[in-house]
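Engineer: Submitted below is the structure of interest, expressed as structure tokens.
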Amino acid sequence: MAKKKTKFMCQECGYESAKWMGKCPGCQSWNSMVEEFTEVKAKSSRSYVTSGAGIAKPQPITKVEREQEPRIDTSMKELNRVLGGGIVPGSLVLVGGDPGIGKSTLLLQLSARLADLKQRVLYISGEESVKQTKIRSDRLGVLSDHLYVLAETDMEKIEQAIGEVDPTLVIIDSIQTVYQDEITSAPGSVAQVRECTASFMRIAKTTGVAIFIVGHVTKQGAIAGPKLLEHMVDSVLYFEGERHHTYRILRAVKNRFGSTNEMGIFEMKESGLEEVANPSEIFLEDRSSGVAGSTVVASMEGTRPVLVELQALISPTSFGNPRRMATGVDHNRISLLMAVLEKRVGMLLQNQDAYVNVAGGVRLDEPAIDLGIAVSIASSFRNQHTNPHEVVIGEIGLTGEVRRVSRIDQRVNEAAKLGFKRVIIPDKNLGGWTIPSTIEVIGVSTVQDALEVTLGR
């Protein structure tokens with residue numbers, strides 16, 4: 001009879017300890033140790049990632065035969081963009097996001113697209129019955145004989161079903177519901193999630209089947225389970241968006257087969273998710289012209305420039321400590337830029353509340369939007385209207401200088417394509433590229449220069 005053993009494991013990094021500790025020594029997180037019950041058995045010689053039957057031997061990398069397997073085209077351009085050109089056969093992809101954001105809808109539509117291309121897809125749900133999945137598929141118009149559905153949570157039965165169907169793609173919804181009988185802990189525990197993910201990795205690498213697994217997120221927005229889970233998979237995709245907005249953004253935070261800077265944008269409708277071909281037009285369609293505190297910035301999301309409206313509201317505070325609130329941008333960046341404006345431009349902002357928002361529910365983390373934030377703050381503080389036909393681009397340093405940004409030609413061309421008449425850029429970006437004839441480009445070297453150009457003083 002196997003001997004039962006108790007241990008404590010960190011939910012964030014997987015650190016193991018014989019006793020409970022308030023602070024994990026591995027990742028320094030507090031109150032993350034949970035109790036796990038395991039049975040001590042003989043060690044398995046099975047490897048999670050194998051290259052086939054027999055014993056693998058070291059060989060020179062120059063003698064390794066490279067088999068160029070074509071990627072699987074999903075027929076969804078936004079998803080292909082995020083994945084780096086399509087699904088890589090034998091890859092394991094983790095999809096995370098808030099509850100109700102549309103993860104299952106996205107993957108069910110992906111299954112339908114591949115099934116329409118005569119590719120076998122196995123959709124395994126541990127949260128819905130087969131009839132409930134059918135109801136959802138009818139609403140989305142997903143009907144194909146090449147799409148197989150299964151309601152199962154037992155890892156052994158799931159592996160058997162994959163062998164019987166022999167699909168091109170497998171969807172697991174979700175990894176927190178799958179369990180292995182050999183592990184005594186409950187489904188969704190650290191040990192179950194780790195071992196089930198390792199089993200799916202082994203299946204993907206040995207059979208060449210692409211597997212997408214859905215992962216729940218914590219209150220902090222991170223994928224639930226040990227951080228080891230994200231290290232094991234090939235790609236990690238986050239599906240995000242505001243609950244009260246119809247737009248959803250798919251980002252890759254890890255991708256072994258492509259860039260991690262790409263972004264795919266979808267719009268949630270009654271018939272499901274629809275791709276947004278030109279996100280700049282969508283994010284600017286509700287913009288009010290001739291108002292104080294509004295500025296348009298050009299942010300690079302991977303290889304695609306996106307024009308987004310930045311809004312700022314500056315008002316006198318009635319408390320001892322002024323508030324600094326930001327939605328869609330880093331809160332600390334706002335405090336830094338306000339300090340630069342106060343020190344280098346002479347604005348008295350220490351007794352002002354500041355509220356900065358990115359319209360459309362988008363999150364921007366690129367330094368090139370610094371100048372746009374500064375102009376919005378100054379515009380609201382002085383109550384001066386900004387030019388509605390103007391785009392502002394530039395990074396701000398602590399000394400008040402406007403620093404060079406990358407891919408300035410793509411940003412300016414996108415602004416010209418959408419009908420903007422003027423763009424403010426760093427003066428160091430003025431040479432080495434062709435300026436469109438339909439737009440005026442003005443170079444500035446400091447924040448003071450930028451405010452004189454945009455606000456007149």
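Backbone N, Cα and C define each Cβ position, glycine as well.
Under the heading zinc finger, Swiss-Prot lists 10-27. Marked as ATP binding site by Swiss-Prot: Gly97, Asp98, Pro99, Gly100, Ile101, Gly102, Lys103, Ser104. Taken from Swiss-Prot, the feature motif 'RadA KNRFG motif' applies to 254-258, supported by sequence analysis. Feature annotation from Swiss-Prot assigns region 'Lon-protease-like' to 353-457.
Each of the listed features needs to be described in terms of its position in the shown structure.
Structural biologist: This prediction places the mean pLDDT of the zinc finger (10-27) at 84.
Reduced to three states, the DSSP call for Gly100 (ATP binding site) is coil.
Away from its own ends, the motif 'RadA KNRFG motif' (254-258) comes close to residues 82-85, 88, 91, 230, 233-236 of its chain (Cβ-Cβ under 8 Å, at least six residues beyond either end).
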Engineer: Neighbours of the ATP site Gly97, Asp98, Pro99, Gly100, Ile101, Gly102, Lys103, Ser104: Cβ within 8 Å of the Cβ centroid, same chain, sequence order.
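Structural biologist: Apart from the listed residues, the neighbours are Phe239.
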Engineer: Ser104 (ATP binding site) has how many other Cβ neighbours within 10 Å of its own Cβ?
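Structural biologist: Cβ-Cβ neighbours of Ser104 (ATP binding site) within 10 Å number 21.
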Engineer: Using CB atoms and a 10 A radius, I'd like the single residue among the binding-site residues Gly97, Pro99, Gly100, Gly102 with the highest neighbour count.
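Structural biologist: Of the binding-site residues Gly97, Pro99, Gly100, Gly102, the most buried by Cβ count within 10 Å is Gly97.
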Engineer: What is the three-state DSSP composition of the zinc finger (10-27), stated as helix, strand and coil residue counts?
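Structural biologist: Tallying H, G and I as helix, E and B as strand, the rest coil: 0 helix, 4 strand, 14 coil.
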Engineer: Inside 10 Å of the Cβ of Ile101 (ATP binding site), count up the other Cβ atoms and send me the figure.
Structural biologist: 20
Engineer: Give me the DSSP three-state residue breakdown of the motif 'RadA KNRFG motif' (254-258), ordered helix, strand, coil.
Structural biologist: 0 helix, 2 strand, 3 coil
